Amino acid sequence: MAGIRVTAVDWQRSSNGTAHHTEEYPCPELVVRRGQSFRLRLELSRALEDEETLIFTVETGPRASEALHTKAVFQTSEPEGSDAWTAVTEAETENALTISLTSPPDAVIGRYLLSARASSRRKHSNRKLGEFVLLFNPWCPEDDVFLASEEERQEYVLNDSGIIFRGVEKHIRAQGWNYGQFEEDILNICLSILDRSPSYQDNPATDVSHRHDPVYVTRIISAMVNSNNDRGVVQGQWQGKYGGGTSPLHWRGSVAILQKWFKGRYKPVKYGQCWVFAGVMCTVLRCLGIATRVVSNFNSAHDTDRNLSVDKYVDSFGRTLEDLTEDSMWNFHVWNESWFARQDLGPSYNGWQVLDATPQEESEGVYRCGPASVTAIREGDVHLAHDGPFVFAEVNADYITWLWHEDESRERVYSDTKKIGRCISTKAVGSDSRVDITGLYKYPEGSRKERQVYSKAVKKLFGVEASGRRTRIRRAGVRGLWRDDLLEPATKPSITGKFKVLEPPLLGHDLRLALCLANLTSRAQRVQVNLSGATILYTRRPVAEILHESHAVRLGPQEEKKIPITIPQSKYKEDLTEDKKILLAAMCHVTKGEKLLVEKDITLEDFITIKVLGPAVVGMAVAVEVTVANPLSEKAEDCVLMVEGSGLLQGQLSIDVPSLEPEERASVKFDITPSKSGPRQLQVDLVSPHFPDIKGFVIVHVAPAK
């Protein structure tokens, strides 16, 4: 009897893609998810005889081996348990078989080679049938990444666009982001990110064998999305200077970044800030099959010395002293959460896990953060892997202001304007609204449970009891840790102060505000008010001073007074960063030595509207009208609209805008031809050399082709 061989393979890409929710991947090879069967139709050179079976081999990575679970050899048989690869014959004709292959739910993910040979007495060599890609499977109850809700799987795995929340606590802005995990080459690039990691370069076979574990994979990706240590994807830049690269605010999504890194032979892409790192990591993890979302934390602590306090040093005008202030409180910080079980910690800590690719602090010698269980953060279990203390501080640290005197002494200043970890936000499932998830990270501010958790965290971090919410542990240089029980909150002063915006703060316009002071006592008081203002980055790092003035104010008993403040546009326009942010400070020196610091973060507002003029249908052109306004009091030339949207247009579109007179509005029309149905995000930015980008987006509901 002649030897038998497989003459053709039908990967049944369409039916397998639908069953595995992978039909959107445009790869040449089949993409399936682990723990779930997929079908192949094999044509044979002759029919199998009774005693003959097919023996399959799957292998992934270099030096694949059964010992490392990167190789499996199995034959067609009855279905067995779910802890091994299986093959079952579902249909048989004279010269063809339909085979159902199933991987275990903890199989290594990645690109596999599939081979087959017959089990007859004659020795047959393996015939390579081709390659397929195996991903994590949130639809499989036995997979560590299983997510029970179909609505959440649609949002956190399959949605290829989303919203990132930026701004300040009192003025949160939504920014569109194109994740684009199903765009050309993106899956291939995501797999290559794993292969570029130092762990793979050091020991490829061992590294690949760990890729069954979402804890391992997400920690690798967290390090590889930034370029520190490992020539990863994105290079960070927080100085406000972006020469030789792209400003972080110019990016509208992850696709251009990932493709640039890949095509540029893995040269880090310039430049990113926190939302860029989070957007890219969300793309990579959704692409690999792990449910992931982007989370924004407002008033986010960067506690460099791990003492659970952000210590800010200011001068007599309330200006930040950069050389003394190592800690910082960012207007907002953006990270990711991914959903998976923590086999390393136990079932109490399953669920959302914090991952942060922004290179802030090293973790085990590498710039990465997480996965840290959100439950562990809320319960104060900061000793658990990975990076709990840093994440706990981001949402729980105290914000302490010190007035630094010329004789190098310091004085605690009362400032009630800032609480760390506010309005922790993510996009809602199935809509564009903002969901506040602060309650997942901490108990209500000031509650008994919150104080208990804080004390527990202090004990686990420093091995000491915390007698109250405000007991501080301070680092004292080389002397290690010392306890400062005397560091009580600054005395509440006998006046209050608040900045009030008198007109909406519009980009390109003068700013009009007032500092409102109130005397809380029944005696007259004199107040020396030192005002300062600066353009800032979103990290609250000052760029340039735009206000510096003093006022002597007499407040009668119980009296309220307003100090008017005007900042002309000419003062801030040259030094305004693309964050469009200004920080105002008033250091109030009251009689009897009391001091009060009042701060206000302002984000300048802008204008853009986007309208889709008619029904959007796959394959049919539809007009879009964008209305923009020149925010300046001078003519604006050389403006362009940059347009992007997965499933709506190929790549990016650049459209010239006619020159705009001062404060003139203009409408620009263009056509898009959708290629995919469902809700699609269209992003349009007005880009100009004269003012920061003005960003907008709209959701387009695309109907299938008729």
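Quick reminder: no glycine exception, Cβ is built from N, Cα and C everywhere.
All annotation found in TrEMBL is predicted automatically rather than curated by experts.
Taken from TrEMBL as is:
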type	residues	note
DOMAIN	266-359	domain 'Transglutaminase-like'
ACT_SITE	CYS274	active site
ACT_SITE	HIS333	active site
ACT_SITE	ASP356	active site
BINDING	ASN396, ASP398, GLU445, GLU450	Ca(2+) binding site
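Comparing C-alpha positions, ASP398 (Ca(2+) binding site) sits nearest to HIS333 among the active-site residues CYS274, HIS333, ASP356. Of all the recorded positions in the list HIS333, GLU445, GLU450, the shortest Cα-Cα distance to ASP356 (active site) is found for HIS333.
Neighbour list (ASN396 (Ca(2+) binding site), Cβ cut-off 8 Å, at least 6 residues apart, same chain): ALA301, LEU308, ILE420, GLY421, LYS442, TYR454, ALA457. When the recorded positions HIS333, GLU445, GLU450 are screened for a Cα within 10 A of the Cα of CYS274 (active site), the ones that qualify are HIS333. Candidate binding-site residues: ASP398, GLU450. Fewest other C-beta atoms within 10 angstroms, GLU450. Averaged across the domain 'Transglutaminase-like' (266-359), the predicted model reaches a pLDDT of 95. The two recorded residues, HIS333 (active site) and GLU450 (Ca(2+) binding site), have Cα atoms 22 Å apart.
Over all protein chains present, the Cβ of HIS333 (active site) has 26 other Cβ atoms lying within 10 Å.
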